[in-house]
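Trainee: My structure is below; once you've seen it, I'll send some questions.
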């Protein structure tokens, strides 16, 4: 039986030109082109950081994992929102005669909001899939973060005051209200690293970053808001974007530009440990994740059964809708409905109710 590993990541623009960024942004918005001023802002951010190394780094990670696993598995690489797209790579896997595939998403934590977006593309009449849900507890990855933070504390901070700020990509608040495990996983991940470093609860905190402006509430505190709200600052802030493993715009701009600029404004030293990228400790974590999971059951994947629409909303979610009269329906969702029709659009409960409230959908 021919087996494969499919390593997947978010993707990035294929060219750092306006239309290249527009194409990528349109894919993120499910085929609805954002407004030009939104595209311009994202394009300017990419230009500010000199482009993105994400695709190069990810391909190197894939090659290193493949070399470690040997001939036992064929290793493939796909993106969610840029080429090579997941459905195209699955088509190539079918042509290569693959029958079983372990899906390794290059995001250590599991979220309905993000990881489920990969799962919906896993369709094949030939291939059975095994999706690794999360791998943030891998000891090699925990040691990586602890070791790199320890270097900063020893070589840069020394005896000065400091705070370690663990940050993770934010998710809409409705994901939490559906029982999304992501938030608890981030807190646990941060605590595990902090314990390895011997940090007290006063020496570290959790924040969120990189939320999208789509008119719905996100998990707080946002890292920039957190910095602005502090009445006193330590000598050093150490930013640890723990939900990511590779350098890309949400680290190189959101942390290294926006957080750095605020630190400059407040007279605080900015630090960020290097991302794992192709470090051997990350490769150890990825390979061990495969080994730990490879004997689990493979199955024909049914992504239509793995959507938000299948999840039962909590009373808390309904209360958010009732109490948030100022919620605005995301513009891209309105455009998507108009373009594809309601019957062809899967959406979370909260957004569905927002559409009904706006008179765009018949009430259930």
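Just so you know, glycine gets a Cβ as well, placed from its N, Cα and C.
Pasting the relevant annotations from Swiss-Prot:
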- 29, 118: Fe-coproporphyrin III binding site (BINDING)
- 169, 250: Fe(2+) binding site (BINDING)
Trainee: In angstrom units, rounded to an integer, how far apart are the Cα atoms of residue 250 (Fe(2+) binding site) and residue 118 (Fe-coproporphyrin III binding site)?
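Mentor: Roughly 19 Å, rounded to the nearest whole number.
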Trainee: Cα distance, residue 169 (Fe(2+) binding site) to residue 29 (Fe-coproporphyrin III binding site), nearest Å?
Mentor: 17
Trainee: Could you measure between residue 118 (Fe-coproporphyrin III binding site) and residue 169 (Fe(2+) binding site) for me? Cα positions, answer in whole angstrom.
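Mentor: For residue 118 (Fe-coproporphyrin III binding site) versus residue 169 (Fe(2+) binding site), the Cα atoms are 16 Å apart.
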Trainee: Among the binding-site residues 118, 169, which residue has the fewest other Cβ atoms within 10 Å of its own Cβ?
Mentor: 118
Trainee: What's the number of neighbouring CB atoms sitting within 10 A of the CB on residue 29 (Fe-coproporphyrin III binding site)?
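Mentor: Residue 29 (Fe-coproporphyrin III binding site) is surrounded by 20 other Cβ atoms within 10 Å.
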Trainee: Let's check the environment of residue 250 (Fe(2+) binding site): how many other CB atoms sit within 10 Å of its CB?
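Mentor: If we count other Cβ atoms within 10 Å of residue 250 (Fe(2+) binding site), we arrive at 19.
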